[in-house]
Amino acid sequence: MVNTHVNLPGLDLKNPVMPASGTFGFGDVPAAQKFDLNDLGAMVIKTTTPHATTGNPQPQIAILEDGVLNSVGLTNPGVDQVISEKLTKLRHQYPDLPIMASVGGDSEDDYVEVAKKLSASGLVNALEINVSCPNVAQGGMSFGVHAGVVEELTKKIKMAVALPIYVKLTPNVTDIVEIAKAAESGGADGISMINTLLGMRIDIKTRKPLLGHNMGGLSGEAVKPIAIRMISQVRQVTQLPIIGMGGISTAQDVIEFILAGANAVAVGSAHFEDELAAKHIVEELPAELEKLGVEDINDLVGQVKFN
């Protein structure tokens, strides 16, 4: 019997597979209601901000040959309503499922406020800190591109909450290792990586970008080699747990990410092609591990053999 159980700070996972933040909303989107979320290792909810946020102009999503461009934005009803309605309903439906909430904001104070409220709710097991949000005080530059800002933000949130926190790293940086080290110095309990790569596509007939917001985040197959490279680099400088993401659509992908250094994974864009992608990956994983003669998935973490 292959062991796929993974134990991370705050998250006791029966298997290492969860949906990427935003994929299943707050458990209220159609895809999330087509199967039992208890089949997954955990549920990660959509990024939550202090106040209700509307999304970006339409179109918000462009399906490409090898990935997805999205500029959906952090559409959510605000933290108070997320707790009183969305999370309360999700937790009632799934009393034993590990739930990770995703925290966003325009300022450090925003992040701390949302983190404190989510932590105090008692409805979630861990927090993912989405540092890809634009920092209004810094002219709109993403929080996650500056090591000093990441360290300080992580420290402030860590001091304010008792829950484990996972800092979600943006790949839109020169050196992701430096940012990962900053998150660890700030007291992060784990790292999620990678968020989407900033991209743009243009319709040559209309000469307009495909997205209403012009630019958006690229995810899916196209970013997989970048995600694997970055996870491998970060694994060499930290022992922190890593939740890996970026183009995972098969059980083989899960194994590849774990060999690179991830402890668990999140599946996002694959759900555009297969609404049950995460469920199917969970079902296929034990057989794929058996083929490789692996008895415990945890034994594979960071075991890539470099040339």
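Cβ coordinates come from backbone N, Cα and C, glycine included.
The active site, nucleophile annotation in Swiss-Prot covers CYS133. The local packing around CYS133 (active site, nucleophile), expressed as other Cβ atoms within 10 Å of its Cβ over all shown chains, amounts to 22.
Residues or ranges marked as FMN binding site in Swiss-Prot: SER21, LYS46, THR47, ASN130, LYS168, ILE194, GLY220, GLY246, GLY247, GLY268, SER269. Cβ neighbour count for THR47 (FMN binding site) (all protein chains, 10 Å cutoff from its Cβ): 25.
The Cβ neighbour count for ASN130 (substrate binding site), using a 10 Å radius and every protein chain shown, is 26. The substrate binding site annotation in Swiss-Prot covers LYS46, ASN70, SER71, VAL72, GLY73, LEU74, ASN130, ASN195, THR196 and rests on similarity to another entry.
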10 Å Cβ neighbour count around LYS168 (FMN binding site)?
27
Between THR196 (substrate binding site) and THR47 (FMN binding site): CA-CA distance (Å):
14
As a test of the contact definition, list every same-chain residue at least 6 positions from SER21 (FMN binding site) whose Cβ is closer than 8 Å to its Cβ.
VAL44, ILE45, LYS46, THR47, SER102, GLU128, ASN130, LYS168, ALA266
Between GLY73 (substrate binding site) and GLY220 (FMN binding site), find the distance joining the two CA atoms and give it rounded to the nearest Å.
17
